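Student: So that we are looking at the same thing, I have put the structure below in structure tokens.
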Amino acid sequence: MRKKRVFEIAKELNMESKEVINRLKAIGVEVKSHMSTVENHHLNLLLKALNREKEEKEKKEQEKKQVEQKAEAQKLQSHPQRPKEQQQSKQGGQSRPREQRSDRPQGQRYAGNQRPEPRDKDKGRRPGEQRSFNQNRPRDDRRRFDKERGVQGPKPFGEKKERPPFPREKKKGVLPAIPKPEAPKGENKEPERRKGAPDKKREWEKALKKEEKVFALEEKKLNLKKEKKQEKQEKQEPVAAEPKAIVIPERMTVQEFAKIMGKSAAEVIKKLMSYGILATINQEIDADTATIIATDFGYEVTVEKEEKEDIWLLEETPDDPESLEPRPPIVTVMGHVDHGKTSLLDAIRQTNVTATEAGGITQHIGAYQVEHNGRKITFIDTPGHEAFTAMRARGAQVTDIAILVVAADDGVMPQTVEAINHAKAAGVPIIVAVNKIDKPNAQPDRVKQQLTEYGLIPEAWGGDTVFVEVSALKKIGIEELLEMILLVADLKELKANPNKPARGTVIEAKLDKGRGPVATVLVQSGTLNVGDVVVVGLTYGRVRALMDDKGRRVKKATPSMPVEVLGLNDVPSAGDILVVVDDEKTARTLAEKRQEQKREEELRASSKVSLEDLFKHIQEGKIKELNIVLKADVHGSVEAIKQSLSRLSTEEVKVNVIHSGVGAITETDIMLASASNAIVIGFNVRPDSNARKLAETEKIDVRVYRIIYELLDDIKAAMAGLLEPEQKEVVLGRAEVRKTFKASKVGTIAGLYVLEGKITRSAKVRVIRDGIVIHEGNVESLKRFKDDVREVAQGYECGLTIEKFNDIREGDIIEAFTIEEVKRTLE
């Protein structure tokens, strides 16, 4: 028999899951939630405990009922038995023969003023009987008033005689009470009661017996029902049909779930609604919810864990120490913008890269390999601009040694500190290159002093950080710097296994018009050959060609060698891992699964709506958005610009990059911008002729930049244009009310004397009385000597009326002002 879950047990026992959990814990069974499974022997223990409790409860209730019944019976026995006494009195009166009454002489009944003696309480009464003081006895029991016999009857109606509760002494001369007739011998019968008179005691006894029978019958039925239920369970348990087993993923839509169970989506939605979940066929449900619903439909559920197929690709297997061979060190050049990183690399490579960069600022990551004393060194040049934080971090992650370039005339700057933090976070040794020492205002010692604050203490001062003074322009200290790099590399004993499938990191990626997607990859282990099938993030492909940093074709790339890879189906993201796989089918499957997984995550993130989100969306309706379609030549630039733009967003204006990509601006980008009311920004790319024509037709703003500073400044200006202008009040003048005049058609006219400034016809005015503003409004008319005027200057008198306001009094101050709108700027 299969194990049951807590919620199933709760449903069968008609209890709450929480109560079942508490009961299980009470008998020593640990369960965590309503989805926990319970062993069969634990379930039997729980059922026994519950049955025991139920039986005890029923027993207590039965005992309680019996006690109540006994108490009721005792109560009835202790009360005066009025019905029986009345019957006896009636029967005694009726059974007495009339002859006895008539045969007795009348004179013997009452002598003179004597009255009949009242019956003694103890005479003529059975033991245990009490006297009834009921004055409303039956009429036959009363003594009648007989004029002929001289018998005194009861007093007239309404005159009740109170009888004393205790017996009194017998009066002399009163006849004894009439004896009760004896029953015939041999018969022990109760006196005959009057025909039609109810026997209350018998009726009560009958009712009591009937009630006891009903209770006994109900108890019998209850026990029978319980026995039948137990028999039914015992019969059903051995032959219970095993539920159908289904396998469900961790996440799926309602429609997919219904299909797995072979049910209609409407049935599943109805069942979800019964649990208070409102869902459409395209909404996702989690595995826990699906398990509960499937169990209700009679299915045994197994949740299939989503296997991350690419985990085995990302985890590197340890290499045999014998297979490791020395590899060139990977050196990252980092530092603040314009401190001479690329110039230093030019001096090392003996080329002129700086001239090719826009504005002399590195916009992309560059990877190069140089040779010194027969040994190779790989250099990675990262941008110093603040927008390229992610690219610097990525450079630090793949590197062995970091060269921190600091200008001797400028000192430590913000990006210098950031570069230090990235290198320390990656656990990379730092070599400080103090550049521009050839300048007259160079202060290398000041740079060293500043860097000690960040834990970089020169070896000459007793620290462990290598400092080299260089001049990229004059090529001073270059040889010494390379020697230090090789020395630090030797200390680290850098090795890799070249005899296995390659694994590397994408440093940069772009879409080349003639060559298609191109990825700059730094091989970290193994050897990458032409013809290898690779998976790179969400993309895959077969390596069509490999190009080194000088643009020459190579057949293979060994560890620590930067190469450009051609042959991918799409442009990968910078930072993606390149892994060689067995065949193209495997590569395609993995890439497609990764794409699907990413798409599901994006859909999941966008489809989840809570009340808090709803309120947020309502509030966001008041926020203005600047939509942007961004295109750049390389992926690193796209990433950097997106990060910089997101930092520009304020509470009032939000920058929203609705689409970003690598490559030229196309018609699709223009159409997207037209549909979403966006502007198109190109960084180092231009629109083609068709896109330009479409932009002119649709009146889409297309802007192209080569330097990131200019791009960010223009976006700030555009955002400032979306801000609501500030309203500023400008006071024009003040005037005092010297006299007021009433006019039937006009209302109250204020005679003013301008104290300061001027009062204009187009201005707004406020009426101030005793320092309190009592009204604000517009000027209806402004006159001087019965002539309409545009304004009245200081020191002059005028007449003024205010729109829809006549409560003007002498001594009031009239203040004229205007509201000016001031253009706001982004702070």
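Glycine is no exception: its Cβ is also placed from the backbone N, Cα and C atoms.
Since this is a predicted model, take the numbers as computed values, not measurements.
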Student: Quick test of your reading of Swiss-Prot: among 231-238, 319-326, 335-342, where does it put region 'G1'?
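Tutor: My reading of Swiss-Prot: the region 'G1' range is 335-342.
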Student: Between 209-212, 349-352, 381-384, which stretch does Swiss-Prot give the note region 'G3'?
Tutor: 381-384
Student: Can you work out the mean pLDDT of the predicted model over the region 'G1' (335-342)?
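Tutor: Taking every residue of the region 'G1' (335-342) together, the mean pLDDT is 77.
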Student: What same-chain residues lie close to the compositional bias 'Basic and acidic residues' (50-73): Cβ under 8 Å, and 6 or more beyond its ends?
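Tutor: Those are 13, 23, 208, 212, 215, 219, 222, in sequence order.
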Student: What does the DSSP secondary structure composition of the region 'G4' (435-438) look like, as residue counts for helix, strand and coil?
Tutor: 0 helix, 1 strand, 3 coil
Student: Which residue counts does DSSP yield for the region 'G1' (335-342) in the helix, strand and coil classes, in that order?
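Tutor: Output for the region 'G1' (335-342) reads 2 helix, 1 strand, 5 coil.
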